[in-house]
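*Asks:* The ATP binding site annotation in TrEMBL covers 409, 410, 411, 412, 413, 414, 415, 416. If you look up TrEMBL, you'll see 149-309 marked as coiled coil. The feature compositional bias 'Low complexity' is assigned by TrEMBL to 330-339. Taken from TrEMBL, the feature domain 'Kinesin motor' covers 309-662. The region 'Disordered' feature in TrEMBL is assigned to 25-68, 106-134, 324-371.
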């Protein structure tokens with residue numbers, strides 16, 4: 001950047017101010033109307049600010065020589081006209097004082113030394129040293145200073161041009177250095193490539209040398225054999241006539257043997273190469289199969305997440321023999337967007353209000369309630385159709401995702417039939433529990449061909465009046481459900497276990513059927529107004545699945561929880577209650593309390609609340625790891641098709657609709 005230069009106009013203005021200061025200063029000159037009031041010392045003090053300004057001007061101009069102490073005339077250069085001299089007046093000693101003030105001014109700083117490599121500015125030719133001007137010739141001194149300032153500006157312009165030339169030269173040198181660096185890197189890469197080719201050539205030369213040595217060795221062996229044959233030929237030459245035919249035969253056999261040996265060796269080499277290729281192909285296919293299995297699990301989990309980590313299915317049981325047929329239009333199942341081919345996902349239930357008809361004097365139109373779920377199963381749906389819809393969710397447990405499936409609804413709506421199936425062992429009416437385990441055993445057997453090994457441990461407990469009982473207890477342990485408590489598996493562990501409960505390893509369907517039969521006998525049931533044999537407890541079947549891939553060091557652990565919630569019915573508090581009815585009332589209160597806690601837990605998880613009330617109920621505390629954000633949950637809401645149960649059916653459907661609107665989060669696999 002060029003140094004900041006002072007404008008000539010500012011310099012002229014400063015000189016005018018200096019003149020005014022000198023005019024105001026007292027002097028001994030015979031000026032009209034003036035009086036001698038100040039001496040030379042006072043005049044020098046008045047001129048002190050102007051001296052400082054003159055020094056600053058000399059610093060900014062950066063002249064190469066100090067300013068002349070005496071006033072000089074400006075030579076006539078570049079079309080400028082020299083200022084004519086003003087005749088010096090003789091007067092009092094005031095002029096001598098002014099000259100002394102100007103003579104005491106400090107010279108400006110010298111021009112900095114020229115850097116090496118730069119071209120010095122050519123001296124001005126023909127310029128004469130200006131003569132000294134009188135101390136009172138301020139205008140002449142101003143012209144001298146302007147001329148000197150112009151010279152300095154010319155020198156500054158020349159130095160800037162030289163600086164620009166040097167910068168251009170530096171830029172060109174940097175570009176040349178960059179080009180040379182690029183060329184050097186190219187040559188180094190070429191040298192590395194030539195060296196690699198040379199090393200490859202040396203390696204090929206070594207291989208050829210080895211091959212030559214082998215051929216020479218074989219040649220030596222063949223030459224030795226030829227010498228032996230020649231010697232033998234000389235020894236047997238006498239017997240040649242008699243043995244000629246035999247010799248020819250032996251030679252033919254020898255040639256055939258050599259040909260067969262060569263063919264066998266080539267075949268062995270070909271078989272070895274083929275075996276190596278097959279081994280490589282097998283390894284590649286195993287690697288690809290593992291990658292496809294991991295991709296299948298990822299896509300399978302993504303598909304389940306798209307369907308929702310919290311899903312709700314509605315199932316309507318058929319009308320049983322002896323029950324009244326509901327009126328037409330009581331339950332409707334509207335078709336999907338694509339027509340009857342789509343699985344139904346909506347349910348419409350109508351309810352007539354007798355009180356409204358009485359008040360208006362005419363029967364009121366029934367009120368219709370519409371509900372939408374992930375899937376709706378009409379009364380004609382079979383057990384196989386229901387399990388087909390959840391089979392992919394059950395398989396997620398093998399991939400390491402906690403899965404929880406529970407049946408919810410009023411008593412007598414078919415929850416136990418959905419989960420455990422009907423009596424008699426008919427395969428067509430098997431429930432979700434035996435079908436799920438059969439499916440898991442089958443898929444685990446298929447994955448064993450890919451290096452996966454699975455183990456299954458089953459437990460079956462019930463929660464009756466907030467007391468945990470073991471449904472697999474036998475012998476003396478039977479009936480001691482109060483001894484079972486829910487505890488952590490170990491310090492710092494998130495896994496929950498039930499103390500004093502049986503954990504039975506299972507590996508086939510027969511073992512599972514025996515466990516279900518034993519649990520069915522131990523479960524608490526009672527007669528209610530809705531069902532002669534109503535489940536009065538929550539049954540929780542849990543299957544702990546552990547998978548391991550020893551070849552790749554992979555492990556996955558996840559629980560599969562299949563829950564049959566207790567049925568409930570409303571009791572009229574105005575009725576007189578006997579001992580048996582009081583017991584049913586306490587059971588109903590405990591059941592409704594635990595179901596209410598289950599709804600609160602699901603809502604808290606959906607709202608991402610900091611506190612989830614798991615410990616408010618033994619049911620939610622036991623299912624804690626199967627309800628959180630890392631689990632996949634499915635709820636079956638079972639309803640009755642009878643019109644007399646419409647109130648309980650509406651309550652169940654409304655609760656299921658709230659659950660269906662919950663979004664817990666993305667499930668995470670428990671892998672190590």
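Each residue, glycine too, has its Cβ placed from N, Cα and C.
TrEMBL: automatically predicted annotations, no manual curation.
Mind running through what each feature is packed against?
*Replies:* Cβ-based neighbour count (10 Å, all protein chains) for residue 416 (ATP binding site) stands at 26.
Confidence annotation: the coiled coil (149-309) carries a mean pLDDT of 86 in the model.
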*Asks:* Most Cβ neighbours within 10 Å: which of the binding-site residues 410, 411, 413 is it?
*Replies:* 413
*Asks:* Out of 409, 412, 414, which of these binding-site residues shows the lowest number of other CB atoms within 10 Å of its CB?
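*Replies:* Counting other Cβ atoms within 10 Å of each of the binding-site residues 409, 412, 414 gives the minimum at 414.
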*Asks:* Just how many other Cβ atoms lie inside 10 Å of the Cβ on residue 415 (ATP binding site)?
*Replies:* 26
*Asks:* Let's see if you can do this one: DSSP helix, strand and coil counts over the compositional bias 'Low complexity' (330-339), in that order.
*Replies:* 0 helix, 4 strand, 6 coil
